[in-house]
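K.L.:
My structure is below; once you've seen it, I'll send some questions.
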Amino acid sequence: MDDAKRHAGEWSARYVQNGMVVGLGTGSTVFYAIQKIGELIKQGLTIRAVASSERSEKLAREMNIPIVPFTSIDSIDLYIDGADEADRQGHLIKGGGGAHTREKILAYNSKKFIVIVDSSKLVEHLGKFPLPVEILPFAAELTLKHLKALGCEPRLRRNGDQQYISENGNFTADCQFKTIEDPVHLDAAIRSIPGVVATGLFANTMVTIVIAGYADGTVKEIKPHE
Ligand SMILES: O=C[C@H](O)[C@H](O)[C@H](O)COP(=O)(O)O
């Protein structure tokens, strides 16, 4: 699986061009993209980057990728990130690593969004992977009750014997649906619950290309909106 992730991650770096503001996602697949971008920087590539998590920012700095503050940019030219599931229409589940709220902000502010996955993440219908929903700790039980009413089994994520706390200081509910038939409507329904910060459903037109890597070194590019 790691080889497949590496192929997808490294392939995505070919879309990075001189002068771009590049958004760096979070996770084990983006790790390979960040490493490859770091190599290209050694060879003379000039970019500015913003990161979706403290983990990715640290890795980028180690690779001498210039991280700039959000106050110094207006938009992102290219955002590269992984996903936990992707369907053919470019709908995604993200947030297995708990970073989806910040990732969604970056994706929303990007002109192009490249998703990198190993081929096992390509699915017909989203929903096998429990949908991460970041929620406020305040009255979390009540928010969970409303999530459950939408047809899922929500579980508060744990970090060992502690509650998992996101980089934003919130809880994450992992919501197991049987299947997600209509990601756009489900995302809207979940977001309408007070107490919900952001869902890991990336629905609709955000994605430019999904790059799926295979263990044999091949990659497949899916362009959902062409
Ligand atoms: O919160 C984490 C992100 O949404 C990741 O992009 C997602 O979980 C996929 O991660 P990985 O590439 O490690 O499978």
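Glycine residues also receive a Cβ, built from the backbone N, Cα and C atoms like all the rest.
What TrEMBL says about a protein is an automatic prediction, not a curated fact.
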K.L.:
The substrate site in TrEMBL includes THR26, GLY27, SER28, THR29, ASP81, GLY82, ALA83, ASP84, LYS94, GLY95, GLY96, GLY97. Which of LYS121, LYS128, LYS145 is also listed there?
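P.N.:
Within the candidate list, TrEMBL flags LYS121.
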K.L.:
Tell me, how many other CB atoms lie within 10 A of the CB of ASP81 (substrate binding site), whichever protein chain they belong to?
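P.N.:
If we count other Cβ atoms within 10 Å of ASP81 (substrate binding site), we arrive at 31.
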K.L.:
Going by DSSP, is ASP81 (substrate binding site) sitting in a helix, a strand, or coil?
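P.N.:
Looking at the DSSP assignment, ASP81 (substrate binding site) belongs to a strand.
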K.L.:
Neighbour count first, Cβ atoms within 10 Å, every protein chain included; then name which of THR26, SER28 tops the list of binding-site residues.
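P.N.:
Output for this query is THR26.
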K.L.:
Out of LYS94, LYS121, give me whichever of these binding-site residues has the highest number of other Cβ atoms within 10 Å.
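P.N.:
Sorting the candidates by Cβ neighbours within 10 Å, the top entry is LYS94.
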K.L.:
Does anything in the same chain, at least 6 positions from GLU103 (active site, proton acceptor), have a Cβ under 8 Å from its Cβ, and if so what?
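P.N.:
Counting only residues 6 or more apart in sequence, the Cβ neighbours of GLU103 (active site, proton acceptor) under 8 Å are GLY25, THR26, SER52, ASP81, LYS94, GLY95.
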K.L.:
Counting only residues 6+ apart in the same chain, whose Cβ is under 8 Å from the Cβ of ALA83 (substrate binding site)?
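P.N.:
Same-chain residues close to ALA83 (substrate binding site) (Cβ under 8 Å, separated by 6 or more) are LEU92, ILE93, LYS94, VAL115, VAL117, LYS121, PHE202, VAL210.
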